[in-house]
Amino acid sequence: MGEETDIDDRYGDLDSRTDSDIPEIPPSLDRTPEILKKALSGLSSRWKNWWIRGILTLTMISLFFLIIYMGSFMLMLLVLSIQVKCFHEIITIGYRVYHSYDLPWFRTLSWYFLLCVNYFFYGETVADYFATFVQREEQLQFLIRYHRFISFALYLAGFCMFVLSLVKKHYRLQFYMFAWTHVTLLITVTQSHLVIQNLFEGMIWFLVPISSVICNDITAYIFGFFFGRTPLIKLSPKKTWEGFIGGFFSTVIFGFIAAYVLSKYQYFVCPVEYRSDVNSFVTECEPSELFQLQSYSLPPFLKAVLRRETVSMYPFQIHSIALSTFASLIGPFGGFFASGFKRAFKIKDFANTIPGHGGIMDRFDCQYLMATFVHVYITSFIRGPNPSKVLQQLLVLQPEQQLNIYKTLKTHLIEKGILQPTLKV
């Protein structure tokens, strides 16, 4: 009885706290390398921050190019690493804000749910794209066959652990943290899974959207830095209309040019597939019509200006305009949302991982919104049935099922006049 009274006193009045009662998180330590600090010591804080952001931006872009060169598998590992780091940054904010309350099992359960959700999504990916490989491994066949049941059982275990961790007079706050974890999972894991799905459609569907967001972020910052006078939104006082508009036009032009350059190479346009015979990812194919030069008639006013009737370009370049427009006009709202989140918890950045930039989440707040749009765009306007994926699914069926499908398909092709009926002797 005494222990229960101590717990009640300890957790007392927590549910009655308001936003104004949320403790301010101490500012993060400055991780700027000493060599940069010394080199930029004579500059004002505004220009010092500009140079630090610029140098670190070029460094990150160079590393990104290196990972692209290393192939699709390394890009998938990069996406997974970013997902885990973003999850860690958001969960850490929750833990630091409510640290004094010492919520039982909060961090342990948060990471457990992260593992469960990743197990579910990546298991689905393995089942979809590596069916022929799974078919050869008997141990994996069991895991894939009962994948969803196993995933649900793992989640239920975490759910039961959460219920057992509930503390009297502290229920509401614990449910806040339960919701915090699940919303964080929705933002990070689900979106990163969509990024990987986009990557499997072809590296170009991964690179153009991501680079468009990066381009918009950089050019909007540059235009705002040099020409910004008119505030754009109260959530981000440093954002200006001049930066927003300059970033839009720069991003559309960049996306159009990037689409033209990347569309020339199979490495970027071919869907990423797993070849069981070579036991690796391959990007070899006959490029679809999206990535073959087409002639387009110019509008009358452009004919007079350019003095030509038609222009040759890749159809994907037209799609790149839609992607770039979203990255410029709607993508920044992911950043505004993140700014509102940081203001709610009285923090400047999600973390101090990258000097001059903040945390990983500070750099990828717009990317997650972009990933969802690209996935919806592909499924709505681009993707048709994937023959190799259908074939992989057929290969894991029982011989009798395969034979029935063969007979049905043969009958259908004969009726369509594609195949000639077999003559009976």
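Quick reminder: no glycine exception, Cβ is built from N, Cα and C everywhere.
Remember, TrEMBL labels are computer predictions, not curated facts.
The region 'Disordered' feature in TrEMBL is assigned to 1-25. Marked as compositional bias 'Basic and acidic residues' by TrEMBL: 8-20. Per TrEMBL, transmembrane segment is recorded for 50-82, 103-122, 142-164, 176-196, 202-228, 240-262, 316-338.
No contact links the transmembrane segment (176-196) to the transmembrane segment (316-338), because fewer than 3 Cβ pairs that are 6 or more residues apart lie under 8 A. In summary, the transmembrane segment (50-82) does not lie against the transmembrane segment (240-262): fewer than three C-beta pairs, each 6 or more positions apart in sequence, are under 8 Å. Remote same-chain partners of the transmembrane segment (142-164), defined as residues 6 or more beyond its termini with a Cβ less than 8 Å from a stretch Cβ, comprise 105, 109, 112-113, 115-116, 119-120, 123-124, 126-127, 134, 174, 178. Cβ atoms under 8 Å from those of the transmembrane segment (103-122) belong to residues 80, 84, 87, 91, 94-95, 147-148, 150-151, 154-155, 158, 161-162, 165, 167, 170, 173-174, 177, 181-182, 184-185, 189-190, 193 of the same chain, restricted to positions at least 6 beyond its ends.
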